[in-house]
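Here the structure comes first, spelled out in structure tokens, and everything after it is commentary.
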Amino acid sequence: MTSALLEDLRWRGLIYQETHPEEMEALLNKESVSVYCGTDPTADSLHIGHLLPFMTLKRFQAHGHRPVVLIGGATGMIGDPSGRTDERTLQTLAQVQHNVDGISKQMEQLFDFGTENGAIRVDNKDWLGKIDLLTFLRDYGKHVGVNYLLNKDSIASRLETGISFTEFTYTILQAIDFGHLNKTLNVKLQIGGSDQWGNITSGMELMRRMYGEVEAYGMTVPLVVKSDGKKFGKSEGGAVWLDRTKTTPYEFYQFWINTPDSDVIKFLKYFTFLSKEEIDALETSVENEPHLRLAQKRLAEEVTKYVHDESALEEAVNITDALFKGDLKALTADQLRTSFKDVPQAKVTTTNLVELLIEAGISPSKRQAREDITNGAISINGEKVQDVAYEIVATDKIEDEFTIIRRGKKKYFMIIH
């Protein structure tokens, strides 16, 4: 019998590599399984590059399995060489703990805790931190061959550029994690990104050598690559964070709504819990009425709601609608700052509109500035102004601090007073 979960994962293209597919499928059909996915606290927030493996873990929870979320308070102090060409900078204990705390809070939004198959959050510092050097070398290191490690892509790719003994031992630490969780929480499956295959299989091999035959499986999700070949997960402003103080819900929503037609269906499969029927209907919409961008809107709505909440989604949609209509008065000062933080800014001293347009570099000359005004091309805070003698007044200064000028349909400028 085919597992409904695995059938869904395969349709979505979420299984990149897996160990013993038939045995794993039989296990998932037979019982509720504890499944784990981990991350190292390299920052105090996850970013969207972390989403795919954790959302895949969430799909296991939706099908009755128990997710175990590991935050690497110990491994985060060492540094994973996977996917790296250089050595990581070691973090202080205080910085790692700060990052662990930040990511732990985000997990509460991503998973259901306290239910019958509620998620369990663990920190590998709780067990790795208790292993002394001699125990590590005798009880674990004895079971790991150096040649075995040298054949791992994460290590082999670093041999020419150099790798420290610290990072060389990383895969052993993650292998210990899998064995510990298997023994203490009956974890039988580990999920990770495609770069984690070597670490996952190392855990299975260590368990086999230490305990004999153990029921343990591994699965990786694909590396997310955009249709233009560029790396997924970054906007022009850098990483897209799950922390709303680093990336606002509006910016987060905008990242997803700007997904090109060539990627949107794949992303709907990867990053939403919509059914096959809904996604098929949206695919038809992309083919027949792409100008409506229904698929992009649904993608942005679903991911924003999942990562943040309904109220954050509502605010993001309201800002988007207000900007589209040019109704800036519908937005608060904070919303305007967020919306226009990337537009050109200019500090001006004059209050005369014509002089302001020149001083701020909005219009190239007095003649052009006057033409722009009389032709209705200039708006102040969303209101069209066609008086060439217009003077900026106190009510034009939002919180007595800034004014938003628009020239034409899409060119915005922030004037600082």
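Glycine residues also receive a Cβ, built from the backbone N, Cα and C atoms like all the rest.
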Matching range for Swiss-Prot feature annotation, motif ''KMSKS' region', among 126-130, 161-165, 231-235: 231-235
Residues flagged as motif ''HIGH' region' in Swiss-Prot, choosing from 41-50, 301-310, 341-350: 41-50
Neighbouring C-beta atoms (10 Å sphere around the C-beta of Y170 (L-tyrosine binding site)): 25
Which of Y36, Q174, the listed binding-site residues, has fewest other Cβ atoms within 10 Å: Y36
Where Y170 (L-tyrosine binding site) sits in the secondary structure, as DSSP reduces it to three classes: helix
Composition by DSSP (helix, strand, coil) of residues within the motif ''HIGH' region' (41-50): 3 helix, 1 strand, 6 coil
